[in-house]
Structure formats: structure tokens, C-alpha cells
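This report refers to the structure that appears directly beneath it.
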Amino acid sequence: MTDRYAVIGNPISHSKSPLIHRLFAEQTGQDMSYEAIEAPLDGFAPTIRRLRDEGYKGCNVTVPFKFEAYALCDQLGARARDAKAVNTLLFQDGKILGTNTDGAGLLSDIENNLGFKLMWKDALLLGAGGAAAGVLWPLFNAGLGVDIANRTLDKAQVLAEQFKGAGTVHARTYEDLAGRKYDLVINATSSGLKDELPPLPEGLFKPGALAYDMMYGRETPFMAFARKQGAALVSDGLGMLVEQAAEAFQVWRGVRPDTRPVLEKLRT
Ligand code: ATR
């Protein structure tokens, strides 16, 4: 019987995950289906339990349900525990197991696809919501010092406190950023969705710097700003999407697909 998987979000119609997983399944010869399911905003848990009871093998979870998914799991992987957010579920013997592949996906895209070496670099993470929390631990693991900037400083402070044992981390306001320079600036805010630019000062990028927007699908104001400010590399988050999907695929199927042809196909 074909194994069933899905991505759950709200809204979900724009999701590229079904196409990505179909391409992975084709490439690795796996007998599986993958669909996009919109859960009502107040109905995430019943949707997940229904899928589990109907025999689905697992699912991905996206905005705005990653924190609820964390709370729902019977068992958590280390990455999900650190992030307090879950993007990948596996249903096993009636139990809901959760992990988070977002951080590994980001690192894989930055290091392998973009060829940017992370060790000992200074990073600035913009935003302190779920998207930012999901990638912090892997950034420390890769040997980076991280400043977290957020309009609402409290939220950045909570994250910095939560991760302070992991590495060098500071919470900053946007005003604090004046005069500071970074090798890597990651936009984990939802500003791009609204065509807004976080209030960044000029002169933020060191020579050779990478500006990375976790959003994909179009040039965001952050990406345009980074180009104008002379960032050496500017990237959207499509590669991260494909890489986090490959990590989830590996959790479910035990094989890691080759992401390059899939990323090429999505870019054309
Ligand atoms: P997600 O789970 O996608 O991270 P979220 O929890 O709603 O979503 O967080 C959105 C993040 O984007 C927050 O850090 C928010 O900043 P505030 O906490 O100060 O609101 C940030 N954000 C949204 N629009 C922004 C903008 N125009 N400029 C800067 N930050 C913005």
C-alpha cells in the first residue's frame, strides 16, 4: 500500500512541499503520496490525530502550527526540544514523534549549496519568532556567535536567555545595530510577507558577507537592501525549504535524496 504523508498549515495552498516530496519519491523510487492539508486555525490537534488514526505515516507542519505541534508530541528529538518548535512528525505505533529539520536545512543550504563557510563568523539573526527559534541551535553548533535583533526587545531577550549556554549570544534592538558589522545576516522575520524592510542601519555587511532571507518566491525588500549595501552573496530561502524537506524525507524513508536537481527544477 502507498504510504501517505502531508503538510499541514494555514494557509497552505501556496506550499511547494507536495511537489518537492513528489520529486524526491520519484528520484529514490519510494511508494508514497504527499498532499497539502489546511487545518482550521483552532483545529490543529484534531487534524493531526485524524491523520494518525487514518494510517498516515507522518507529516510536515508549517506556519502557524509549529509551536502547537511541539506541545502535541509524545516524544521529541533534540532539535525540536531546543527550538521548542516542530516541523516534522512521524506516526509510530499510535504515538506522535516530533523533530525539527529547519535548522539543518538552513545550514545545509548555506554551506553546501551556497558554499559559504560558517565557522567563527559573526551572525545577525533578525526576528525572534518561531522561524528564528528553529534555526538558533544549529547556528551555534556551526561555531557562530549570534546577535538577535527584534523590534520587541523582550522576545529577543527570552531567546538569548534560552540559548545562552550554547554559545555567544546577545539580544539587540535595531538601534543597537548602528556601527556593527556581520559576516552573515539572516532575515527570520515575516517582514517580507508584507513587503516591509526591518529598520536596518547602513554599513551592516562585512566584506564577503552573506545576506539570507528565509522567505522564498520573490525578491524581498531585505534582499534588495542587502544588494544595495554591497553584500557579496544574497539568497532567498528556497534552498532551505528543499534541504529541510530532504531531512524530513530521510527521517521518514531512511534515504536522503539528492537536492540539487530538485532545487534546479524549482528555480526554472
Ligand atoms: P514566525 O513564526 O514566522 O517567526 P512570528 O512568531 O509572528 O512568526 O514572528 C514574526 C517575527 O517577525 C517577529 O520577530 C516580528 O517582530 P516583533 O516581535 O517585534 O513583532 C518580526 N517582524 C514582522 N514584521 C517586521 C518588520 N516589518 N520589521 C521587523 N521585524 C518584523
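Cβ coordinates come from backbone N, Cα and C, glycine included.
Bear in mind that the values here come from a model prediction, so they are computed numbers and not experimental data.
Positions annotated as active site, proton acceptor by TrEMBL: Lys66. Under the heading shikimate binding site, TrEMBL lists Ser15, Lys16, Ser17, Thr62, Asn87, Asp102, Tyr216, Gln244. Annotation source TrEMBL lists NADP(+) binding site at Gly127, Ala128, Gly129, Gly130, Ala131, Asn150, Arg151, Thr152, Leu153, Asp154, Lys155, Met214, Gly237. Among the features that TrEMBL reports, domain 'Shikimate dehydrogenase substrate binding N-terminal' is placed at 7-89. Under the heading domain 'Quinate/shikimate 5-dehydrogenase/glutamyl-tRNA reductase', TrEMBL lists 117-191. Residues annotated as domain 'SDH C-terminal' in TrEMBL: 237-267.
This view paints the features noted in TrEMBL onto the structure.
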residue : record                 : DSSP (3 states)
Ser15   : shikimate binding site : coil
Thr62   : shikimate binding site : coil
Asn87   : shikimate binding site : coil
Gly129  : NADP(+) binding site   : coil
Lys155  : NADP(+) binding site   : helix
Gly237  : NADP(+) binding site   : coil
Gln244  : shikimate binding site : helix
#### Entry: Listed in sequence order, residues not in Ser15, Lys16, Ser17, Thr62, Asn87, Asp102, Tyr216, Gln244 with Cβ within 8 Å of the centre of the shikimate site Cβ atoms
Val7, Asn60, Leu241, Ala245
### Query
Whole-number Å distance between the CA of Gly237 (NADP(+) binding site) and the CA of Tyr216 (shikimate binding site)?
5
### Task
Rounded to the nearest Å, what's the C-alpha distance separating Ser15 (shikimate binding site) and Lys66 (active site, proton acceptor)? Just drop the number here, would you?
15
### Message
Between Ser15, Ser17, Asn87, Gln244, which of the binding-site residues has its C-beta surrounded by the fewest other C-beta atoms within 10 Å?
### Response
Ser15
### Query
Could you tell me the C-alpha distance between Tyr216 (shikimate binding site) and Ala131 (NADP(+) binding site) in angstrom, no decimals?
13
### Task
Report, in whole Å, the straight Cα-to-Cα distance of Asn87 (shikimate binding site) from Lys66 (active site, proton acceptor).
6
### Query
Counting every protein chain present, what is the number of Cβ atoms, excluding its own, within 10 Å of the Cβ of Gly237 (NADP(+) binding site)?
25
#### Entry: binding-site residues whose CB lies under 6 angstroms from ligand 1, from Lys16, Ser17, Leu153
none
## Note on the structure
Expressed in Å to no decimal places, the gap between the Cα atoms of Gly129 (NADP(+) binding site) and Thr62 (shikimate binding site) is 13
